[in-house]
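*Asks:* Here it is: the structure, laid out below.
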Amino acid sequence: MINLRKTHPLMKIINQSFIDLPAPSNISAWWNFGSLLGACLIIQILTGFFLAMHYTSDTLTAFSSVAHICRDVNYGWLIRNLHANGASMFFMCLFLHVGRGIYYGSYLYKETWNIGVILLLTVMGTAFVGYVLPWGQMSFWGATVITNLLSAIPYIGTTLAEWIWGGFAVDKATLTRFFAFHFILPFIITALAIVHLLFLHETGSNNPSGINPDSDKIPFHPYYTIKDALGLILMFMVLLLLALFSPDLLGDPDNFSPANPLNTPPHIKPEWYFLFAYAILRSIPNKLGGVLALLASILILLIIPLLHTANQRSMMFRPVSQTLFWILAANLVTLTWIGGQPVEQPFIIIGQLASMLYFLLILVLMPLAGMFENYMLKPKW
């Protein structure tokens with residue numbers, strides 16, 4: 001009998017993607033994050049689906065419906081905690097996945113990289129509209145502050161903001177449409193993830209050395225299925241640890257109070273995974289300038305392939321670039337910390353310096369390091 005997985009039209013696609021796929025023999029645990037992100041997406045869609053069965057997107061009942069889910073729905077507290085902390089796991093994996101791509105030069109697969117950046121932006125948008133849904137204080141004021149940034153766009157800004165709101169402020173219409181966006185976007189993310197994989201499988205995976213691995217490939221199954229399974233178990237353990245023992249660790253206490261347009265919280269800040277971008281936004285005293293810097297902080301990823309000057313693909317054998325990469329990582333941690341601090345000295349100046357260093361590293365120092373390393377590798381005799 002002819003092997004069904006190699007002949008059946010549907011099974012054939014699965015086989016070529018997850019079973020008989022030729023994979024480099026030396027890819028490390030840093031290559032696990034793709035499958036972990038896929039698992040995160042599935043967890044988020046499933047838990048979100050069950051939450052949507054009980055949630056109501058109305059300003060009068062949204063907050064109560066979330067409380068009802070946690071108190072009265074069977075395992076509702078668990079579903080909600082898994083969904084909220086699943087988002088944190090999603091972003092943790094996303095940041096590590098992007099960092100891996102930068103470190104090992106995976107961005108030179110330009111189509112895969114660009115779809116990945118679009119995926120990152122879409123996930124950020126989904127997380128933002130999702131954070132508004134419980135209709136707590138931070139949900140409401142976060143939505144107000146971020147959507148208000150649209151009004152910085154010259155001429156059409158105010159009209160655009162009111163169009164997004166569906167009125168003159170964040171209100172019932174905004175909440176309803178944000179719920180609709182939050183429901184549809186994960187399916188768009190799933191479609192984009194499939195396209196991301198499609199482009200990746202056109203070229204095959206990169207590997208830590210950055211050298212063409214075609215001469216030494218192994219089948220994806222069983223080698224990388226078992227490796228991915230280990231990663232999944234570890235990630236799921238961390239997620240359960242968070243969801244069961246400290247579900248509110250990464251949340252904001254202000255969100256336990258129902259939204260009140262008449263009472264502004266002392267410190268408006270987004271979830272931890274947006275703090276680095278929020279710090280960059282706040283570091284520029286001009287509204288439009290801040291919005292442009294915020295956009296640039298993410299969109300800069302699109303031009304990273306153009307800034308690659310080194311003769312070697314990976315940073316594995318490039319100590320100067322490695323040093324700058326880890327400075328960039330530390331800088332992002334600093335920005336995340338600053339984003340959660342009040343707007344006062346010394347946090348203002350630290351945030352401004354860290355924001356400046358962020359762009360300086362990516363646009364100037366790392367390309368220069370690549371050129372310097374090329375020069376150092378040239379024979380001098």
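Glycine is no exception: its Cβ is also placed from the backbone N, Cα and C atoms.
Since the structure is predicted, the reported quantities are computational estimates derived from the model, not experimental observations.
Found this in Swiss-Prot, in case it helps:
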TRANSMEM  33-53  transmembrane segment
TRANSMEM  77-98  transmembrane segment
BINDING   H83, H182  heme b b562 binding site
BINDING   H97, H196  heme b b566 binding site
TRANSMEM  113-133  transmembrane segment
TRANSMEM  178-198  transmembrane segment
BINDING   H201  ubiquinone binding site
TRANSMEM  226-246  transmembrane segment
TRANSMEM  288-308  transmembrane segment
TRANSMEM  320-340  transmembrane segment
TRANSMEM  347-367  transmembrane segment
*Asks:* Tell me if the transmembrane segment (347-367) touches the transmembrane segment (77-98). I count contact as 3 or more CB pairs below 8 A, with pairs 6 or more residues apart.
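*Replies:* Between the transmembrane segment (347-367) and the transmembrane segment (77-98), which are separate recorded stretches, there is no contact, as judged by 3 or more close Cβ pairs.
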*Asks:* Among 178-198, 226-246, 288-308, 320-340, 347-367, which stretch has the highest count of C-beta pairs below 8 Å with the transmembrane segment (113-133)?
*Replies:* 178-198
*Asks:* Between H97 (heme b b566 binding site) and H182 (heme b b562 binding site), what is the CA-CA distance rounded to a whole number of Å?
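*Replies:* So the Cα of H182 (heme b b562 binding site) lies 23 Å away from that of H97 (heme b b566 binding site).
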*Asks:* Just the number: how many Å between the Cα atoms of H201 (ubiquinone binding site) and H83 (heme b b562 binding site)?
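*Replies:* Between the alpha carbons of H201 (ubiquinone binding site) and H83 (heme b b562 binding site) there are 30 Å.
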*Asks:* For H196 (heme b b566 binding site), write down the residues of its own chain that are at least 6 apart in sequence and whose Cβ falls under 8 Å from its Cβ; none is a fine answer.
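*Replies:* The answer is T112, I115, G116, L119.
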*Asks:* With a Cβ cut-off under 8 Å, give me the same-chain residues at least six positions beyond the ends of the transmembrane segment (226-246) that come close to it.
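*Replies:* Counting only partners 6 or more residues beyond its ends, the transmembrane segment (226-246) has Cβ contacts under 8 Å with 29, 32-33, 35-36, 39-40, 43, 78, 81-82, 84-86, 88-89, 93.
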*Asks:* Please work out the number of neighbouring Cβ atoms within 10 Å of the Cβ of H201 (ubiquinone binding site), leaving out its own Cβ.
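*Replies:* Excluding its own Cβ, the number within 10 Å is 14.
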*Asks:* Only counting partners 6 or more residues apart, tell me which same-chain residues put their Cβ under 8 Å from the Cβ of H182 (heme b b562 binding site).
*Replies:* G48, T126, V129, G130, L133
